[in-house]
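Enquirer: Here's a structure for you.
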Amino acid sequence: MAFARRLLRGPLSGPLLGRRGVCAGAMAPPRRFVLELPDCTLAHFALGADAPGDADAPDPRLAALLGPPERSYSLCVPVTPDAGCGARVRAARLHQRLLHQLRRGPFQRCQLLRLLCYCPGGQAGGAQQGFLLRDPLDDPDTRQALLELLGACQEAPRPHLGEFEADPRGQLWQRLWEVQDGRRLQVGCAQVVPVPEPPLHPVVPDLPSSVVFPDREAARAVLEECTSFIPEARAVLDLVDQCPKQIQKGKFQVVAIEGLDATGKTTVTQSVADSLKAVLLKSPPSCIGQWRKIFDDEPTIIRRAFYSLGNYIVASEIAKESAKSPVIVDRYWHSTATYAIATEVSGGLQHLPPAHHPVYQWPEDLLKPDLILLLTVSPEERLQRLQGRGMEKTREEAELEANSVFRQKVEMSYQRMENPGCHVVDASPSREKVLQTVLSLIQNSFSEP
């Protein structure tokens, strides 16, 4: 233990280093990292001698965040590229537990940033979620608390703890720590090398397996892994399994109405349903709405599986009701997908998947509406309406209110949805005017040959 403490306190010095960019004995394949900075820009770097970067051309943003006089640490939850659904669920739950712990105790004085570890080349399944913790005081208590946190994680997956510091030449390095048999040991050290930003955000290849599920079975597999610790997951699965997989829309029109919170969506959907003598359905449906708060408190992969399966339950209801009358749906698949994309893709608008990317395509096994309307209002109008509602906010409602970049990513994702796309409706005018506009769009859509 004394040896571990000496390593923990000791400076990074010459004898510790091997060939360029890596400590002796630590020749792991280079991985890349993307760090979301406070201004929503992204900084990419790699570790190791063979990393395809340029150590002689440092990124000043990395030097400011990882170098002295403050102290920075990385904490990543490992997931192998070939990991199954159960492993991804366990990793997501550990990531969320770590997030809660990093907001308490000695960590409260630290700056917490979003960090993603990934394999180069756009390989699906290789993204690892994590954090960068920036201690402004370089307090040994922070390091000790992190090592204790690492030691408390006895079950797989165990997080990887890295510590950043600069050598006498000003080059950045990362030490990697593990806790083995109660001993805290340094197990690796590699140079931090800036690398170019890849053409596609590295989390995008993982979206279909983690949050934007391409079909019913993919979402179902996630909740199946949750039944041992979320009893309500079994109830949701039982309801989904009662819904036929092969369904068809009836002869009457089906219109889905989408929009951010406080765009007047609830009022418009009810008014349109009354005007058309239509059945009004909501996603998630009432049969699982009682469990919404439970799943909203879970990691994104579980939360999105819940909402995705809710869409399939709604689809079954649509098929039944559209045989008898028109159907208006308050939110549907587009809502589930857009919030997931905006949440998972770090950075700004420019980092979203490009237009026409497959992630924006409607699932082939989910019943499609005839028309999708997207209600929009100005940010100022939406904020004013939110403040007047006085209702408890979901995590995403609070994020929309506090984070303009997140709101813009949600709106852009809505606009990039295809097959079917969204018809944008300005919901800023009076309720009567908005209702008239919506009814006119519906009438024109169904009167076209």
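The backbone N, Cα and C atoms fix where each Cβ goes, glycine too.
Annotations per Swiss-Prot:
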- 1-98: transit peptide (TRANSIT)
- Gly259, Leu260, Asp261, Ala262, Thr263, Gly264, Lys265, Thr266: ATP binding site (BINDING)
- 380-412: coiled coil (COILED)
Enquirer: How does the model score the coiled coil (380-412) in terms of mean pLDDT?
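Expert: So the average pLDDT across the coiled coil (380-412) works out to 71.
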Enquirer: Given a 10 Å Cβ-Cβ cut-off, pick out the one of the binding-site residues Gly259, Gly264 that has the most other Cβ atoms nearby.
Expert: Gly259
Enquirer: When DSSP is mapped onto helix/strand/coil, what comes out for Ala262 (ATP binding site)?
Expert: coil
Enquirer: Below 8 Å Cβ to Cβ and six or more residues apart, same chain only. Which residues does that give for Lys265 (ATP binding site)?
Expert: Ile257, Glu258, Gly259, Asp330, Arg331, Leu375, Ala427
